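Per TrEMBL, the feature domain 'ABC transmembrane type-1' maps to B:108-317. Feature annotation from TrEMBL assigns transmembrane segment to B:9-30, B:114-135, B:147-168, B:188-210, B:252-274, B:294-320.
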Amino acid sequence: MAASTDTTADQPTGKAETAKKAGAPARSDGSDAFLSVRDLRVHFSTDDGVVKAVDGLSFDVEKGRTLGIVGESGSGKSVSSLTILGLHNREKTKIEGEIRFDGRELITMPERKLRDLRGRRISMIFQDPLTALSPFYTVGEQIAESYRRHLGANRSDAHARAIEMLDRVGIPNPKTRVNDYPHHFSGGMRQRAMIAMSLVCDPDLLIADEPTTALDVTVQAQILDLLRDLQDEFGTAILFITHDLGVIAQMAHDVLVMYAGRSVEKGTVREVLKNPRHPYTWGLLSSMPNLSGDVDVPLRPVRGTPPSLLAPPPGCPFHPRCDYADVVGGERCRTEPPLLALSEGRGTACHLSAEDKQRIFIDDVRPLLG
Amino acid sequence: MLRFLVRRLLGVAAILLVVSLITFYLFFAASGEDSVVRLSCGKNCTPEMRETVRHNLGLTKPLLEQYWIFISGIFAGRNIGEKTCNFPCLGYSFANNQNVSHTVADRFPTTVSLAIGAVVLFMTLGIGLGILAAMRRGKKTDKVATGFALLSGSAPIYVLGPLFIYLFVQQLGWMDRPQYHQFTDDPFQWASGLLLPWICLMTIHMAMYVRLTRSTMVDVLSEDYVRTLKAKGLSGRSVYIKHAFRGALSPIVTVLGVDIGVLMSGTIITESTFSLHGIGMLAVTSVTDSDLPMMMGVVVIAASFTMLANLVVDLLYAVIDPRVRLS
């Protein structure tokens, strides 16, 4: 998790987060969640075989709350988000499971109906705002396009709306900037424009796929602030995908840690960051530099590399990299995939007993976190 | 913008000078002088007669002086024998004593008509099939369109032309033998007279546009911003035409610029296949007749159009892609 070294305000202390997110609605019991993903499996067929990019993923996103999905590259975070909108390559992808959005099943929904949802009720922001915006049309035109498509507004109303949205996301002189092209904007401004574009139809769910990864740290903090403010204002549910635990600490109410296409740990941001219970989460946390504690605490990266999703290891996919596989008796970690047992939204997919988890965390892991 | 234009036009002028000088030099280097004198003088040519011919044709002066007379004459006009030749004066033909400017102006409408019709046809069909192939890539439509393009692109015009004439004119009798009529006289006759050569030119040029449109559109469709457009809920038509095709325009315009330049310089094979008297045929006869002024006229016109077409393409880049700055 080297990429998080440049974040300053993102130690998983949870102080800022509790203050800022106090107004968020309480978590419901999950069954009638706004977005509910159940046992999602996304398999690609490639020349080398079937890639199990997502393998039995379940999560919920509630209205007005933010679920952060965190994991290494290739853990299936982005694939899951693209699948929600049906933006995967339909010919090469096999999808199983359920994606229910506001009571409607999205996986079986025909493309035509999905299109009406995209950008209108569910919208998306991407990692690199330069390549995610068309270079051939003005920023205003690209914002207005969505508004006209979904709300049937005429050209001048949509243009006025684009100016309003640019103003809303904090772009100075929106009346002139609306006619600029993306290459006239700086990186942070482009991401603001992207956010304006995604929120122009006042969607209920915003999927943010690494929205701050391509930005420098100060701009990153501004964009996160903006997203939080807009969430308060619009009550949008946010699915926030990142590899950066610091960003998660600032943004999310709930966290889902993904590994090799599965969820390995789930809980509120406080629970997961202050009291993590999965060896992989421990690895992620202890590989982050701790700027508030001693500077000479060594970083402890997760050893090894993520498994190939073509042939994932049997049993727990994390066992080849796990330091505690031997603590569990017998061959269970190597043969039996652990299930994510949920109680009140908190869960860990690990064979370690609750006592072992607690003991190892206090003895081995916490000292590294400072 | 204005500075760019002025600089480019100066460049065009400079290149025209070089091109015409080289043509001029090559004429003498390839002993075009001897053959033209022999043609004019006839079989029983005495050295005195020969000198008279050379003098009459203005070939006695030093080469550079002749070149200067030619160039300055274009702008200032000049007197040749008893004839006055006004701006733009390209001289008088060695072969038939016609004013070169008038001959070129006379032949030009045929070439322009051929070019316009062909461009409209191959652009429409080529780009249309290309877009279709890109939208249905990997499917049957794609394979049929690209296969058709490959097939049509590999048929040479001297095979295609006679074949079409045989088929449509002689066997089926669907149309008359190609002929040039003035557009202003009768637009319908103009179009029907040129239909066969247009179809021939379309067939051979289209392939390029099908493949170019398809491949650039496929490239654009894999860009990140296309995913954003889909995530906005845009319809397929909007994604393909408004956005992806827009991204594919620059390379298409580039090739079109070259093609228009080529077509304006006269499609030699097409014109001779269908016996149409355009610039292309003029180029051929002027070379076989060692007709220096006519050759120079054709070269200057052809070179000008090629360069102007490319200048327009460069201007269009800036219109198509807002990131391009003219400088």
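Sequential numbering from 1, following the chain as shown.
Cβ atoms here come from the backbone N, Cα and C positions, even for glycine.
Curation does not apply to TrEMBL; its annotations are automatic.
Can you tell me where each of these features sits in the structure?
Tertiary neighbourhood of the transmembrane segment (B:9-30): same-chain residues 63, 66-67, 70-71, 290, 292, 295-296, 299-300, 303-304, 307-308, 311, selected by CB-CB distance under 8 Å and a gap of 6+ residues from either end.
Beyond the ends of the transmembrane segment (B:147-168), by six or more residues, the same chain brings 126, 129, 174-175, 177-178, 196-197, 199-201, 203-204, 206-208, 210-211, 267, 269-270, 273-274 to within a C-beta distance below 8 angstroms of the stretch.
Residues 113-114, 117-118, 121-123, 125-127, 129-130, 133, 145-146, 148-150, 152-157, 160-161, 164-165, 168-169, 175-176, 178-182, 252, 255, 259, 263, 267, 270-271, 273-274, 276 of the same chain, all 6+ positions outside the transmembrane segment (B:188-210), place their C-beta atoms under 8 angstroms from a C-beta of that stretch.
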Checking distant contacts: for the transmembrane segment (B:294-320), what same-chain residues at least six beyond its ends satisfy Cβ-Cβ under 8 A?
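Residues 5, 8-9, 12, 15-16, 19-20, 23-24, 27, 70, 74, 90-91, 93-95, 100-101, 103-104, 108, 246, 249-250, 253-254, 256-258, 260-262, 264-266, 279, 282-283, 285-287, 326.
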